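**Student:** Before we start, here is the structure in question, set down as structure tokens.
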Amino acid sequence: MAKYAAAIDQGTTSTRCMIFDHSGNVICYDQKEHEQIYPRPGWVEHSPDEIWERTQSVIRGALSKGGLSASDIVAVGITNQRETTVVWNRKTGRPVYNAIVWQDTRTDQICNELAADGGQDRFRPKVGLPLATYFSGPKIRWILDNVPGAREAAEAGDVVFGNIDTFLTWWLTGGPNGGVHVTDVTNASRTMLMNLETLDWDDEILGIMGIPRQMLPKIVPSSMVYGTATGELAGVPVAGILGDQQAAMVGQTCFDVGEAKNTYGTGSFMLLNTGTKLVPSKSGLLTTVCYKFGDQPAVYALEGSIAITGALVQWLRDNLGLITSSAEVEALANLVEDNGGIYFVPAFSGLFAPYWRSDARGVIVGLTRYVNKGHLARAVLEATAYQTREVLDAMEQDSGVKLTALKVDGGMVYNNTLMQFQADILGVPVIRPKVAETTSLGAAYAAGLAVGFWSNTDEMRANWGVDHTWTPQMDEATRERLYRGWKKAVTRTFDWVE
């Protein structure tokens, strides 16, 4: 009797296979990094072949570490770095070009040309996203325009597109020998090509971008049996697909309207469940699909993306040498009582949500002779909390929903000083769950739900447990005084790049 659910978590820097029991505990996992390819400034690529090879390797590794075989697994789910774009030959499985990664900015000119008629928000009413290099549509267009023979092959139906979820699902289910060509609604919602209301490809946008519809995968729910795995997981249903931030929402069991989670990594991503209602953003957030389970209606979310949070701690370590490991930032910050009156706004490459200002650059303001490295470390941590507050304010403004608590995950949630200050500056409790691997867990949940391993979302919610809660300890007057200072500091970053 199979008693575990598996997840393949294909991230920006590494690939993992993680196996969970019915209570949502990690039984075993394996992880491997892959190469980051930088052919030119601003260009970032991955080898799709290497990613598929790593995926097979971590599946083998995880099964072996747990002493398990395919017959022990009820279903496998996939979660992935979103927006990263692959175009490959349907007959051979060979990519026509490397995967163009979400951070890659080569499509800047394509985006500017598209924005010349109708502005940056030209497609936002239909797709919920601004025109930006971040999303897949312009990346597909670049490959069709720049790889010899790619456009003709796409029109003939010989080459196909997929994000990483689609590429892995196709290979897992047989590749050139009957592989299933699908993507789920969450990944499709990051292409700029899917209409958020119909949950189908938008022919008008495809026409404007010059992308043949026949190269696109079929859009499917996030939880259903898409096909059966071959190879290491032979016979196991492939039954769940979610983009990484959406998978974290499911892993955190944010199933009710108004529930939110914030993932603290290199940058930070906050998502708020808005239910079956599409909420357009007037405050610089993205409207996206949160999940769709089987034939139930799609659930939507607002997303706030922050470019630099954890990366600022790395900067303190690598560029200034004030600490030798990221974990030391907490002890350094705790040498002082407060920030000594300074604010650090990390607009190293402009500001993301809610400003979207590419002309901004980083500043440290309020310096006096009194300030020391402890104050600097504290200001670095506080910058993460202030940026999160700005996104939260934008979410409350757009949705009309008042947040009562924030669920958190990611690497920085083990920093108590930061998490306490986060609760203080938001004025709501901040909650860290027992199982921190929320992204992988979300993919396993989606797959297990499709085959009845978990019968409903209530069973998943029952698995979710609190590891630690930080409650606000700051009075309202102090909170607002500090936040006013931050808002003033942010204005000092504008209009720097001419």
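Backbone N, Cα and C define each Cβ position, glycine as well.
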**Student:** Which one, Tyr29, Tyr38, Tyr134, Tyr291, is listed by Swiss-Prot in the same glycerol site as Arg82, Glu83, Asp244, Gln245?
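**Tutor:** Looking through Tyr29, Tyr38, Tyr134, Tyr291, the residue Swiss-Prot assigns to the glycerol site is Tyr134.
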**Student:** Swiss-Prot records Thr12, Thr13, Ser14, Thr266, Gly310, Gln314 as ATP-binding residues. Which of Gly162, Gly174, Gly411 is assigned to the same site?
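**Tutor:** So, going by the record in Swiss-Prot, that would be Gly411.
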**Student:** What same-chain residues, at least 6 away in sequence, bring their CB to under 8 Å of the CB of Arg82 (sn-glycerol 3-phosphate binding site)?
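**Tutor:** Spatial neighbours, sequence-distant, of Arg82 (sn-glycerol 3-phosphate binding site): Trp102, Asn163, Thr186, Asn187, Arg190, Gly243, Asp244, Gln245.
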**Student:** So, in DSSP terms, is Ser14 (ATP binding site) helix, strand, or coil?
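**Tutor:** Its secondary structure by DSSP: strand.
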**Student:** For the glycerol site given as Arg82, Glu83, Tyr134, Asp244, Gln245, which other residues of the same chain have their Cβ within 8 Å of the site's Cβ centre?
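**Tutor:** Once Arg82, Glu83, Tyr134, Asp244, Gln245 are set aside, the remaining close residues are Gln81, Trp102, Arg190, Gly243.
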**Student:** Counting Cβ atoms within 10 Å of each candidate's own Cβ, which of the binding-site residues Thr12, Ser14 comes out highest?
**Tutor:** Thr12
**Student:** Given the binding-site residues Glu83, Tyr134, Gln314, state which is nearest to Thr12 (ADP binding site) when distance is taken between Cα atoms.
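**Tutor:** Answer for the nearest of the binding-site residues: Glu83.
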**Student:** Output, ordered by sequence, the same-chain residues six or more apart from Thr266 (ADP binding site) with a CB under 8 Å from its CB, or 'none'.
**Tutor:** Ile308, Thr309, Gly310, Ala311
**Student:** Can you tell me how far the Cα of Gly411 (ADP binding site) sits from the Cα of Glu83 (sn-glycerol 3-phosphate binding site), in Å?
**Tutor:** 22
